[in-house]
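What TrEMBL annotates here:
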- 22-422: domain 'Amino acid transporter transmembrane' (DOMAIN)
- 25-47: transmembrane segment (TRANSMEM)
- 53-75: transmembrane segment (TRANSMEM)
- 261-282: transmembrane segment (TRANSMEM)
- 302-324: transmembrane segment (TRANSMEM)
- 345-365: transmembrane segment (TRANSMEM)
- 371-390: transmembrane segment (TRANSMEM)
- 402-428: transmembrane segment (TRANSMEM)
Amino acid sequence: MVSPSSVLPKVVDDPTEATPRRAKWWYVTFHNVTAMVGAGVLSLPYAMAHLGWGPGMVALLASWGITLYTLRLLIELHECVPGVRFDRLRDLGAHALGPRLGPWVVVPQQLIVQLGCDMVYMVTGGKCLQKFAESVSSATAPRLHQSYWICIFGGFQFLLSQLPNLDAITAISFLAAAMSLSYSTISWAACVARGPVPGVSYAVRDGSATGTAADEAFRVFGALGQVAFAYAGHGVVLEIQATIPSTPTKPSRAPMWKGTVAAYLVTAACYFPVAIAGYWAFGRDVSDNVLVALQRPPWLVAVANMMVVIHVVGSYQVYAMPIFESVETILITRFRVPQGLLLRLVARSAYVAFTLFIAVTFPFFGDLLGFFGGFGFTPTSYFLPCILWLKIKKPPRFSASWFANWGCIVVGVLLMVASTIGGLRSIVQDASTFQFYS
């Protein structure tokens, strides 16, 4: 286990700290909403199309409840050792699983989440740029293929990636959070205003040319991964709690939990209306990005798509900056690469180029959500907090806590395996028929 002296500041806050802990509970609400409500909300109607009304609503409600419960576990574990605050998930993992095993379990999962989000956001930004341009241009204007729009969006990321750190993109991050709430509201309101399309069908979508039982099952698995992708705030919850002051008489878990519950209510107000209204309006034929399916009014569709672009411009950098810092630190300390602008230009541009290449090669928004939702987000959101809780708290066997955590582990592992396989199979199927530059 990690000794108290080796992990981050003590519970009694020191006013002389370089970064004082002054955050309030509403600060927690804002940042949890920023981390959670993202472009994944736009695929929820598509997931509903593969699951149907009943299973789709059960999946949304169950995921909402399970992930709120696992967030509560992390909040309680933040100060599970008297006098110590575990401000990073990797530190908590090292405490629970040991200094050697812990980082190998936790850090790769965080890296998958960050890399997966950036790939998905690259595709999302390109698609929404394309939809915006088509909404504001005349019907006779020439049309660029989606791959070129993804490259245009990637060009913005090449520029923004040269900013030094997260502090330099604070304004972009705040704007991105406001945009995510705005386009969620526009999405479900526009669906309600237009009503169901003629001949709408709510039969479960098979999503393949053959329509075999196996294909349908894999599409259902991928849809579950898309739902999992929507609940992605667990990777930063301890960092958020670290900004709250804490004393032995007033620990940080009380305001943190209050802010988290408020954030989850806001999340529900975004997710459930979009999922229900989008599926109600378009049925089984809904696009994997509901904003792409909307056509009228053109000006509102254009505004909403530009909001998504602004949001993912900021969100891409929020997830990329920690990777930039880690890569540059490794290059400087282990490979003796000189620190400076050249290192930043080469290393960060290489990362952006890699995510851009993957996005252009596999521009399948819904399928990418399913794959990364299962492979990356399910462990951190569904069962890793339960494993840490069982290792640290050691609840009595067959107690309510023991059953609850083992139940979440079983559900989470099954969801991870099924949605990863389903998302990967869907990517392969769509890639075999996709025309990249036509």
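Glycine residues also receive a Cβ, built from the backbone N, Cα and C atoms like all the rest.
Non-local neighbours of the transmembrane segment (261-282) in the same chain are 25-26, 28-30, 32-33, 36-37, 41-42, 44-49, 53, 56, 60, 64, 68, 71, 180-181, 184-185, 187-189, 191-192, 194-197, 200, 202, 230, 233, 290, 293; each lies 6+ residues outside the stretch with a CB under 8 Å from one of its CB atoms. Within its own chain, the transmembrane segment (25-47) has Cβ neighbours under 8 Å at 56, 59-60, 117, 120-121, 124, 173, 176-177, 180-181, 183-184, 187, 191, 223-224, 226-227, 229-233, 235-237, 240-241, 243-244, 255-256, 258-260, 262-264, 266-267, 270-271, 274-275, 277-279, 282, 286-291, 308, 311-312, 315, 318, 365-366, 369, 373, counting only residues six or more beyond its boundaries.
Remote same-chain partners of the transmembrane segment (371-390), defined as residues 6 or more beyond its termini with a Cβ less than 8 Å from a stretch Cβ, comprise 40, 66-67, 70-71, 73-74, 76-77, 89, 92-93, 96-97, 105-106, 109-110, 112-113, 115-117, 119-120, 221-222, 224-235, 401-402, 405-406, 408-409, 411-413, 415-424, 426-427.
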